[in-house]
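**Q** Have a look at the structure that comes next, please.
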């Protein structure tokens, strides 16, 4: 389960970077060349999703919980926003949901 969780975090990071770089280009007038690493990051994101040993719908559902946590870490580290009690609570609930789904992969 630890390997799966780490893979989910790597997947989420690739997705966030792949979306953040075009956002920088569009909102902050950054270089259009950021679209190249953004495309590579999103392609890596898609490839990483294929490495999970479950049906795609289960993978996407479980991945959503980790994505929430990763996005909140991004909010704190990159955007410099202090997380609220609601952020922490939501992340904990999302992560619990992911763990429940992943724990049932072999039983479904």
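Every residue gets a Cβ built from N, Cα and C, even glycine.
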**Q** If you check the topology given in Swiss-Prot, are residue 5 and residue 56 found on the same side of the membrane?
**A** yes
**Q** So if I exclude everything within five residues of the ends of the topological domain 'Periplasmic' (1-5), which remaining residues of that chain have a CB under 8 angstroms from its CBs? That is, six or more out.
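**A** Distal contacts: 52, 62, 66, 98-99, 102-103.
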**Q** By DSSP, how many residues in the topological domain 'Periplasmic' (1-5) are helix, how many strand, and how many coil?
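**A** Its residues fall into 4 helix, 0 strand, 1 coil.
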**Q** I need to check the long-range neighbours of the transmembrane segment (85-105): which residues 6 or more away from its ends have a CB within less than 8 Å of a CB in the stretch?
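**A** Contacts of the transmembrane segment (85-105) (Cβ under 8 Å, skipping residues fewer than 6 from its ends): 1, 4-5, 8, 53-54, 58, 61-66, 68-69, 72, 75.
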